[in-house]
Amino acid sequence: MATASPAADGGRGRPWEGGLVSWPPAPPLTLPWTWMGPSWGQHPGHWGFPALTEPSASPAAGLGIFEVRRVLDASGCSMLAPLQTGAARFSSYLLSRARKVLGSHLFSPCGVPEFCSISTRKLAAHGFGASMAAMVSFPPQRYHYFLVLDFEATCDKPQIHPQEIIEFPILKLNGRTMEIESTFHMYVQPVVHPQLTPFCTELTGIIQAMVDGQPSLQQVLERVDEWMAKEGLLDPNVKSIFVTCGDWDLKVMLPGQCQYLGLPVADYFKQWINLKKAYSFAMGCWPKNGLLDMNKGLSLQHIGRPHSGIDDCKNIANIMKTLAYRGFIFKQTSKPF
């Protein structure tokens, strides 16, 4: 655990020249402060801001990274302090502007999300531009992109066999911003049980007209591959992984139907993150009711219709963004085939 004095830089406030110091320089204190969460991925409570830039500043002068960390003062009181880190110098003009704008919110007893929200609004309102308005950042993830997937399949009570995929949605989620960058969404014509049951329509909201005349699974898989290539996801230098709500989609449904139809399963479908497991690691409890429990546990509103594949993907993406915002690092949960 590292310690730093608010006056460690002689009150000049230049963190690029000597470790981490408070920004702006705090009044001199005789007792040191203890910084909690020295690096991302090791300690929760480490929050960051992406590079801040201004159109009027040169790249060399306008780059910088801000972090928000919870600290304890000598009396044991907890507070938040933003820091500037990184090798690049931050324009003194921009730094002074940001200091004036944030003012009393620099040391605030509020929680990290509230602090970030206040800071974002104040900085954006004073003309810091789009990058500043979206300055809340996330811990570095292991993947450049997350591919959120949630199948809907033919079903009935009692269950029919084999089940067939009838909705095939994928959201391309940027691993740095946790924002959706692209969407793949197709309905699939079932061939073994071409007529949807009333139970299936009631559960998924998919009616017969939505699947009649649609491409077969083989054709949809070919289009998925084309979409993956177009999005740069097949580049060996780009790390991506699928994310599902459970193991059923990629451990049972897709390989089972492909085996039945004699179709190969692409390698990129053979590793994934089970969001239920990720959530349980992050929150310490298992979401028995899947997305409903995860949304409730994170105080999120459910998006769209339950058991709509594309809406379920949006909920998964929203849950991932919230967990990432809290500092969670997503890791592969599936075992190699």
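Cβ coordinates are placed from backbone N, Cα and C, and glycine is handled just like the others.
Copied from Swiss-Prot, the annotated features are:
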DOMAIN    146-320  domain 'Exonuclease'
BINDING   D150, E152, D312  Mg(2+) 1 binding site
BINDING   D150, D249  Mg(2+) 2 binding site
ACT_SITE  E152  active site, proton acceptor
BINDING   E152, H307  AMP binding site
ACT_SITE  H307  active site, proton acceptor
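Here the features listed in Swiss-Prot are painted onto the structure.
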residue: D150; record: Mg(2+) 1 binding site; Cβ within 10 Å: 27
residue: E152; record: Mg(2+) 1 binding site; Cβ within 10 Å: 25
residue: D249; record: Mg(2+) 2 binding site; Cβ within 10 Å: 23
residue: H307; record: AMP binding site; Cβ within 10 Å: 18
residue: D312; record: Mg(2+) 1 binding site; Cβ within 10 Å: 26
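Residue pair D312 (Mg(2+) 1 binding site) / D249 (Mg(2+) 2 binding site) shows a Cα separation of 13 Å.
A Cα-Cα distance of 9 Å separates H307 (AMP binding site) from D150 (Mg(2+) 1 binding site). The distance from the Cα of E152 (Mg(2+) 1 binding site) to the Cα of D249 (Mg(2+) 2 binding site) comes to 9 Å. Here the Cα atom of D150 (Mg(2+) 1 binding site) is found 7 Å from that of D249 (Mg(2+) 2 binding site).
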